[in-house]
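K.L.:
In case it helps, Swiss-Prot gives these features for our protein:
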type	residues	note
TOPO_DOM	1-34	topological domain 'Extracellular'
CARBOHYD	2	N-linked glycosylation site
CARBOHYD	11	N-linked glycosylation site
CARBOHYD	17	N-linked glycosylation site
TRANSMEM	35-55	transmembrane segment
TOPO_DOM	56-87	topological domain 'Cytoplasmic'
TRANSMEM	88-108	transmembrane segment
TOPO_DOM	109-116	topological domain 'Extracellular'
DISULFID	113-198	disulfide bond
TRANSMEM	117-137	transmembrane segment
TOPO_DOM	138-154	topological domain 'Cytoplasmic'
TRANSMEM	155-175	transmembrane segment
TOPO_DOM	176-211	topological domain 'Extracellular'
TRANSMEM	212-232	transmembrane segment
TOPO_DOM	233-260	topological domain 'Cytoplasmic'
TRANSMEM	261-281	transmembrane segment
TOPO_DOM	282-299	topological domain 'Extracellular'
TRANSMEM	300-320	transmembrane segment
TOPO_DOM	321-383	topological domain 'Cytoplasmic'
LIPID	338	S-palmitoyl cysteine
MOD_RES	368	phosphoserine
MOD_RES	376	phosphoserine
């Protein structure tokens, strides 16, 4: 997850090439290192599909939530923030990374050289900590429902803090990212004359390693451990739940409902960890010993790891939105250019959002068993 995966995926040739031990370690100097056209075409299709799904999925999710005023609760506000950051990743990370890795030189100018890795790092940090805040909201909702629970104001404050933290942690890219022709000065190939590369130029290797290690903890291991703990506690609580609503339902329905919720919670954590694990491993190995990765295999291996990580921008809308019946209905209305309308009596809050009901605790106690069962079923759908 380390954000330098994006800058260093841009830098990978440069670090090899500037090595004193192997000054001619350029992948582009060896014709055998070029990827076959069939592989490039397949990767282009895959990247294109992820970009389209990531942009359209997150954009639709944002529009649907913003359109429905009744959906602006804590979780949905955080989901909009998550989708917006994923949208930036899909726009800023995928196309620039793919083109630069294949071409081995930068064609997008000095401003984009600094802005691209900066925006990428900001977006990824925001995405991860949005997942953290959603886990916190869910934890308080299920583990401590009578204690402190975040409201919309808390959500907006949390989002502001996330963006400030993300910008601050990404500033080194704006400071140390440079556009230069230094790696190409001794290259004899005419195709690489007057070409430029974009890479980070830290004061020393120790500075670079310290920063990349910090990002590794900040953007992967730290959030992942925290999210896992939150959802594990939620899983245990849901498994042990034996309240009045559960007793009113038959065991088969209770078992299937509990299983559905637990699988969704587990899938969120697994998707986050699995999507980013290959790139995290690749980036860590590259940071500490880049010579361990064969030059000719570097670009292909990196692109595969990077593509896997970018799939997470498509997974989140599915988990947080499109598995919900209302989003399926509203999405259909969206593509049919219809109004986003829904009746209060059949509208289901987005999965993972704060549960609420118009029925008070007093009326709940006075309700008939049949009515209570119906209310409890609706309540669990809202969980």
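We number each residue from 1, going along the chain as drawn.
Using N, Cα and C of the backbone, Cβ positions are placed for all residues, glycine too.
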K.L.:
Hey, which of 88-108, 155-175, 212-232, 261-281, 300-320 has the most Cβ-Cβ pairs under 8 Å against the transmembrane segment (117-137)?
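P.N.:
Of the candidates 88-108, 155-175, 212-232, 261-281, 300-320, 155-175 scores highest.
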K.L.:
Across the whole of the topological domain 'Extracellular' (1-34), what does the mean pLDDT come to? Round it, please.
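P.N.:
Here the mean pLDDT over the topological domain 'Extracellular' (1-34) amounts to 43.
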K.L.:
Specify the count of other C-beta atoms within 10 Å of the C-beta of residue 198 (disulfide bond).
P.N.:
25
K.L.:
Run through the Cβ atoms and count how many others sit within 10 Å of the one on residue 113 (disulfide bond).
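P.N.:
For residue 113 (disulfide bond), the count of other Cβ atoms within 10 Å is 24.
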K.L.:
With Cβ distances under 8 Å as the criterion, find the stretch in 35-55, 155-175, 212-232 that has the most pairs with the transmembrane segment (300-320).
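P.N.:
Selected stretch: 35-55, with the most Cβ pairs under 8 Å.
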K.L.:
Cβ under 8 Å, sequence separation of at least 6 from the ends of the transmembrane segment (35-55): give me the contacting residues as numbers and ranges.
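P.N.:
Non-local partners: 86-87, 89-91, 94-95, 98, 102, 299-300, 303, 307, 310-311, 313-314.
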K.L.:
For a three-state summary based on DSSP, what are the helix, strand and coil counts in the topological domain 'Cytoplasmic' (138-154)?
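P.N.:
Output for the topological domain 'Cytoplasmic' (138-154) reads 9 helix, 0 strand, 8 coil.
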K.L.:
Where does residue 113 (disulfide bond) sit in the DSSP three-state scheme?
P.N.:
helix
K.L.:
What same-chain residues lie close to the topological domain 'Extracellular' (109-116): Cβ under 8 Å, and 6 or more beyond its ends?
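P.N.:
Distal contacts: 6, 10, 92, 96, 173-174, 177-179, 198.
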